[in-house]
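*Asks:* Okay, here's the structure, questions in a sec.
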Amino acid sequence: MVRVKNVKMYKKRSLQLIRLAIELAKNNNIELARMYIKLALLYSRKLKFKIPIEYKRLFCRKCFTPLIIGITERRRIKNKVLVRTCLYCGWTRRYKLQYKTTNKKSKS
């Protein structure tokens, strides 16, 4: 029972650290933001819980820099692929863009 409480507490703290790291990066304190993200990942590895994907996509996997468009990240769309590039280490990640198609034919 104690371990379950600890995991919930540390998961909440990890997500809070990632959000705080984003705010620090916006205020040009990149090194402290990196340390916060490393600490959040350390918690998740140590206590074996997963960080949600929307938080995982907020930082570079190679140098742990929070990714902020125009400051630490460059985004380009090429051939229906979103390319995200970290401006500190050059790490790139590609996401396939899926457009929703609408059927304009109405049944008469």
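Cβ coordinates are placed from backbone N, Cα and C, and glycine is handled just like the others.
What Swiss-Prot records for this protein is below:
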- Cys60, Cys63, Cys86, Cys89: Zn(2+) binding site (BINDING)
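Relative to the rest of the structure, where do these features sit?
*Replies:* Taking a C-beta cut-off of under 8 angstroms and a sequence separation of 6 or more, Cys86 (Zn(2+) binding site) has the following same-chain neighbours: Cys60, Lys62, Cys63, Thr65, Leu67, Thr72, Glu73, Thr92.
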*Asks:* Tell me, how many other CB atoms lie within 10 A of the CB of Cys60 (Zn(2+) binding site), whichever protein chain they belong to?
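*Replies:* Here the count is 23.
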